[in-house]
Amino acid sequence: MFAGIFLRMGAALRSMYVNSKYEEVREEWEEDYSPQRFSYKALYKATKGFKESELFGTEANGTVYKGKLSSNAQIAVKRVSLDAEQDTKHLVSQIVGIGKLRHKNLVQLLGYCRRKGELLLVYDYMPYGNLDDFLFNEERPNLSWSQRFHIIKGVASALLYLHEQIVLHRDVKAANVLLDEDLNGRLDYGLARFGTNRNPMLGSVGYVAPELIITGMPTTKADVYSFGALLLEFACGRMFIEYPGKPEEFNLISWVCQCWKRGNLVGARDARLEGDYVCKEIEMVLKLGLLCAQYNPEDRPSMSQVVNYLEGNDVLPEMPPDTPGISIPTPYHEVLA
């Protein structure tokens, strides 16, 4: 008799442990989002209990794990800490809305899961990780110019699609460009897009448009500025802002303009490309990067124009390197002082 009681008590305790282990936070208003909701148990099993061996990367606000669902679909799971001040309902509605967007060069957001103080975002798995690892990590294989040009055209197409859907990205940068199994560039939203970044200045230092520092209001032209910084990084293989550096190399805008004024614009290219590049394409990307990263937002092209330039459907306007607004680097040294 007592043995039976102890067995039942043991089973009940084990059940309580399992339930608490997989415990989630679900509220009534989330019923509308059930199709986009993953169970914590499914994500726990997919990542082998969020084992360190499945850790794929770390970000400022969270960690990323690779996983495999019971359907054999490969996924990436971002674990993000939440605080009590955040509007969870608004955050979840943003996630679901973004998940409905479809473009071949966007990282697909598949859904989410919520626990106490934690949000889990589920994405398509991108096996080659992010672009900045290839551009700025000398231990990684070098991307050829044809690969870079293919990637940047894909990212431009994805950003244009977002703008056509009246969606701002707000954090375009190399770390938010992921590479799939075929080395296609996929634009990721990062964490700033969902308001999990507590920094009031949306975006990342080095990619933030100068007017955004003052107004704090994101716009399509601010996205274009960030894309211009990315274009220069693609061609030069260097970070848009470097510390420390020679005065003319402090900002890629200054560096590229100096090379241009010396009559050697292509000399600003990534030395690792050696002779593996198309001169006209390099020149066009460098000039387009400067055009996008102009100080005055009204002078920057739209993403529709950018895509036309990259696809060869339109020709860049004539402009010398000392064109007003072109050679003005953003004064981040003053902002960060």
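Every residue gets a Cβ built from N, Cα and C, even glycine.
According to Swiss-Prot:
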ACT_SITE  ASP171  active site, proton acceptor
BINDING   PHE56, GLY57, THR58, GLU59, ALA60, ASN61, GLY62, THR63, VAL64, LYS78  ATP binding site
DOMAIN    50-316  domain 'Protein kinase'
MOD_RES   TYR123  phosphotyrosine
Considering only the binding-site residues PHE56, GLY62, VAL64, which residue has the minimal Cα-Cα separation from TYR123 (phosphotyrosine)? VAL64
By a 10 Å Cβ neighbour count, the lowest-scoring of the recorded positions PHE56, TYR123 is PHE56
What's the number of neighbouring CB atoms sitting within 10 A of the CB on THR58 (ATP binding site)? 9
Spatial neighbours, same chain, of VAL64 (ATP binding site) - Cβ under 8 Å, 6+ residues apart: LEU55, PHE56, GLY57, THR58, ALA76, VAL77, LYS78, ARG79
Give the helix, strand or coil assignment DSSP yields for ASP171 (active site, proton acceptor). coil
Between GLY62 (ATP binding site) and ASP171 (active site, proton acceptor): CA-CA distance (Å): 16
Return the count of C-beta atoms lying within 10 angstroms of the C-beta of GLY62 (ATP binding site), excluding that atom itself. 18
I'd like the Cβ neighbour count for the residue listed as 'active site, proton acceptor', meaning other Cβ atoms within 10 Å of its Cβ, all protein chains included. 22
